[in-house]
There are 2 protein chains.
Amino acid sequence: MIKAETIKEVRDQVRAWRKEGLTIGLVPTMGYLHEGHASLVDKAVSQCDRVIVSDFVNPTQFGPTEDLSTYPRDFERDCRLLEEHGASLVFHPSVEEMYGEDAATYVEILNDMPKRLCGQTRPIHFRGVCTVVSKLFNIATPDKAFFGMKDAQQLSIIKKMVRDMSYGIEIVGCPIIREDDGLAKSSRNTYLSDDERQAALVLSKAVKLGKEMAENGEKDAAKILDAQRALIEKEPLAKIDYVSAADFDTLEPATEVKEGTLFAMAVYIGKTRLIDNFLF
Amino acid sequence: MIKAETIKEVRDQVRAWRKEGLTIGLVPTMGYLHEGHASLVDKAVSQCDRVIVSDFVNPTQFGPTEDLSTYPRDFERDCRLLEEHGASLVFHPSVEEMYGEDAATYVEILNDMPKRLCGQTRPIHFRGVCTVVSKLFNIATPDKAFFGMKDAQQLSIIKKMVRDMSYGIEIVGCPIIREDDGLAKSSRNTYLSDDERQAALVLSKAVKLGKEMAENGEKDAAKILDAQRALIEKEPLAKIDYVSAADFDTLEPATEVKEGTLFAMAVYIGKTRLIDNFLF
């Protein structure tokens, strides 16, 4: 596996692969990789000749009060996981390499999509995501890019950005990977104390409850959301940020449960903000 | 020459050319082509195996009171010129093809560059330019793209955007092409009455005067600007929008004349807004 720290190294390698007629998959990550990321790499390896994984904690998607400085990092461990799963190249740039001294250009969706759900408490988050993902697209020029459904709003927004910006890149969404007890895999799970780790199960339990109600024919989204909220509120360590239903493509609030309805939540467990969801 | 109206046609053709190992140049235009555009195509043909010219009046770069609806168009004449100059493909999409029904994603430089010079009276112009040029980059995936120095601020902003967004595309700036009497070629010259056409010479005369002063060693930008303004103000049909000096790379106001100092102006001749400049 090639380890690249500069944009130029990635570009040169991509050019060489393109000369051989090889297809390229991109898996953008912020590192501290877990089985969720590994499943994205596996899917990319199964569909593309070469797989580039970016491993970069992107500062422009963190708000001033968020966990940029404490976000967990372990590049050596990441490399071992990526090598095991058959990645061809890991791109691990510095902030300086990605943004230089005076970067000022942003890619932004100027409708309500980035303001809904997580956007209510993270107002600049999706602007940062769209900007860094665009840059990674421009550097790696992949045929396909792979994103996890755990960040459902991110996936919806990236798909919208790709349509609007006419990128010739197929966006592949991949299922949420969970621990044995149901907790959705997340690099931020490492923040949880033992008590919080136990309390955090309330998210996946609420997802499971909502999913069962929807599969059993409940058509009123509010009833599902009420039941999910009631379950979460029983957990003393949990504080709801939002529990919402939205159309997956537009992120408009949904009242009726139908194909494409996303049930998403963000819940603080102690100081750690966790997200989970299901797509009907 | 291939005439493509859809993004997919361009993508398919680009893919075929890439398979043959051919290099691609892009010349973005708004059509109603003149010798200025032709010089960009000539340069592109001399440096690239295949040349794509986009011919699209981009609505997102026009303000609500600007000349979107009256902007001159003559696609058949454009095609003849492009064929003569050896373009390989002209991309002539509809607004619907480019923006669909609900496009909401924009590329924007969030520093002062798009607010200076023309940005003072055209506040959304460069956001529209950056957005459509990014889309054209993503559709045509060129090795090089060619822009005229007449739109000096646009060229400076596109270069900045390409750096910030990590596009692997070389931006080639090309000299201003002028009529025999000095008037910079522009599709908007067609708006001018006979009297206005004569009065419009005041721009190129002021450019020539400023250039001579700079070449003769004048280091004080204000003195050059004052002389340019005095010359323009003698013309009754002319109304100055701005006459300014700026650093070409940053567009920060310049007081001292040195390499890289841009002297730019926008002047209304009757109702027609014309621009001209020189780069020291």
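From the backbone N, Cα and C atoms, a Cβ is placed for every residue, glycine too.
Features of the protein shown, as given by TrEMBL:
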- B:His37: active site, proton donor (ACT_SITE)
- B:30-37, B:148-151, B:Ile177, B:185-188: ATP binding site (BINDING)
- B:Gln61, B:Gln154: (R)-pantoate binding site (BINDING)
- B:Gln61: beta-alanine binding site (BINDING)
- Item | Set of same-chain residues at least 6 away whose C-beta sits under 8 angstroms from B:Met30 (ATP binding site) | B:Asp55, B:Phe56, B:Val57, B:Asn58, B:Tyr71, B:Ser187
- Quick one: among the binding-site residues B:Leu33, B:Ile177, which has the most Cβ atoms sitting within 10 Å of its own Cβ? B:Leu33
- Note on the structure: Nearest by Cα to the residue listed as 'active site, proton donor', of the binding-site residues B:Gln61, B:Met149, B:Gln154, B:Ile177, is B:Ile177
- For B:Gln154 ((R)-pantoate binding site), the three-state DSSP class is helix
- Message: Restricting to the chain of B:Met149 (ATP binding site) and a gap of 6 or more, list residues whose Cβ falls under 8 Å of its Cβ, or answer none.
- Response: B:Leu155, B:Gly173, B:Cys174, B:Pro175, B:Ile176, B:Asn277, B:Leu279
- Cβ distance under 8 Å to B:Gly36 (ATP binding site), same chain, sequence separation 6 or more: which residues? B:Gly148, B:Lys150, B:Ile176, B:Ile177, B:Ala184, B:Lys185, B:Ser186
- Starting from the Cβ of B:Ser187 (ATP binding site), draw a 10 Å sphere and report how many other Cβ atoms land inside it. 19
- Item | Rounded inter-Cα distance in Å - B:Gln154 ((R)-pantoate binding site), B:Leu33 (ATP binding site) | 18
- Query: Cα distance, B:Gln61 ((R)-pantoate binding site) to B:Leu33 (ATP binding site), nearest Å?
  - Reply: 18
- Query: 10 Å Cβ neighbour count around B:Gln154 ((R)-pantoate binding site)?
  - Reply: 22
- Message: Validating a neighbour-count step here. Other CB atoms within 10 A of the CB of the residue listed as 'active site, proton donor': how many?
- Response: 28
- Query: Looking only at Cβ atoms, how many others are within 10 Å of the one on B:Gln61 ((R)-pantoate binding site)?
  - Reply: 21
